[in-house]
């Protein structure tokens with residue numbers, strides 16, 4: 001537990017601050033509507049559901065203010081660069097921007113649910129206040145607004161009114177339905193199942209946020225919930241008059257109460273984030289307009305498309321990622337890909353596997369599906385947004401780094417290490433790299449094996465055999481491959497990769513691996529970098545916390561996950 005707190009203290013602090021602010025806003029607003037004299041008559045009709053509706057609305061506005069900030073990629077990238085001297089803990093929090101985005105989304109969903117339920121009850125109570133059983137005071141309050149000099153409190157004007165139809169003719173009712181439908185579609189299409197199997201559905205549905213925010217700003221203009229005006233409170237002694245309602249208009253201290261709706265405030269909460277997001281989209285559009293030159297296309301037999309590109313002014317760092325758009329495939333979709341080239345190279349590259357409709361269409365557009373050769377000028381146009389920083393860019397900040405790849409290997413980082421080792425003038429703070437690659441298909445080694453081979457050879461030439469330790473784990477093979485592996489198990493070079501380091505078969509025992517790392521580096525801060533599936537990420541994060549020493553002088557494992 002102590003190690004967990006040590007490693008996750010900033011995450012816990014930020015979570016507590018967010019929860020604390022939500023709780024404070026909810027309680028403060030709740031007490032205001034429960035105690036304020038302006039809403040005494042409204043509470044007589046609605047009870048405590050008035051406070052529940054208004055408190056949840058305040059928290060809803062607060063979270064809607066936050067929801068756009070984590071997806072302002074250029075802002076996050078700027079803050080990440082600006083926090084270079086602030087320690088790794090802050091940068092690791094910025095790398096969790098999508099996690100925070102999801103957390104805030106859950107807050108929006110929760111408060112929206114409370115708000116909807118409270119107002120459904122309020123509508124029913126407004127309606128029941130028109131019935132004879134409601135009592136004389138509620139009937140009198142519901143009857144206000146029929147004369148020219150009166151203002152109404154109850155938006156349901158008669159007991160015979162169809163409440164559903166009445167509500168759906170108001171601004172608040174129409175926008176409320178629109179907001180709710182948009183939110184349901186956004187939330188349901190954001191599940192991991194939909195994102196992985198039908199990314200396009202997730203992508204398009206998420207753009208309903210425009211409808212959601214438009215509805216949110218307009219929603220409060222309906223002013224459905226009303227309270228007594230400040231001028232009326234000065235003339236109408238509500239404490240006395242609520243118990244002497246038969247004296248209204250007759251007693252000097254009890255003129256008819258006047259009511260007005262709350263002024264819309266949602267726009268005040270979301271205006272600044274929306275301006276920031278518009279600036280973000282403007283920058284992305286400007287990048288979209290910039291020309292991208294495709295210099296090389298390679299189709300690997302393992303079903304991987306390798307693209308080499310150039311773009312004016314493009315400057316990348318090792319471990320960064322970009323967003324790609326192919327207008328001939330889709331005019332709106334952008335997909336993230338880790339860069340597989342090094343900053344030292346004259347081009348930037350990505351390796352793309354077919355994992356959905358968009359990548360399949362991209363393969364077809366480039367002729368990779370039929371392995372048909374296309375002249376470079378015949379290739380479809382690509383647009384590039386980025387590069388953006390990720391957790392992986394911090395690998396060179398540690399003396400010891402552990403790179404674990406469950407899907408995409410750290411090609412960019414390893415290439416950059418190779419170039420830095422070739423340059424005698426380069427001084428590296430990084431002294432040791434452990435590289436783990438877990439892969440289920442032997443053919444995936446095809447494009448990556450050459451890089452490891454050259455890196456292995458270069459390290460041997462520089463007498464730096466101990467600089468890089470790599471461990472390749474193959475988790476899937478068929479019977480013929482198993483026979484081939486068994487026949488060549490005594491060869492000096494690995495039968496799968498052709499490297500000196502032999503491939504391991506099965507999954508790593510992470511407890512054993514981290515125990516060995518802790519013994520090898522008993523007083524180091526070790527950066528652990530992961531790119532891969534969520535299930536393995538949880539295991540690695542837990543293992544990092546387990547093997548970190550409570551003593552600050554001991555070994556510390558700092559977990560960094562690449563997410564975009």
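Backbone N, Cα and C define each Cβ position, glycine as well.
TrEMBL annotations: computationally assigned, not manually curated.
Lifted from TrEMBL, the feature list:
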- 287-394: domain 'FAD-binding FR-type' (DOMAIN)
- 12-32: transmembrane segment (TRANSMEM)
- 52-72: transmembrane segment (TRANSMEM)
- 103-121: transmembrane segment (TRANSMEM)
- 167-189: transmembrane segment (TRANSMEM)
- 201-222: transmembrane segment (TRANSMEM)
Stretch with greatest number of CB pairs under 8 Å, the transmembrane segment (52-72) reference, 12-32, 103-121, 167-189, 201-222 candidates: 103-121
Helix, strand and coil totals (DSSP H, G, I; E, B; other) for the domain 'FAD-binding FR-type' (287-394): 19 helix, 39 strand, 50 coil
Predicted model, mean pLDDT over the domain 'FAD-binding FR-type' (287-394): 85
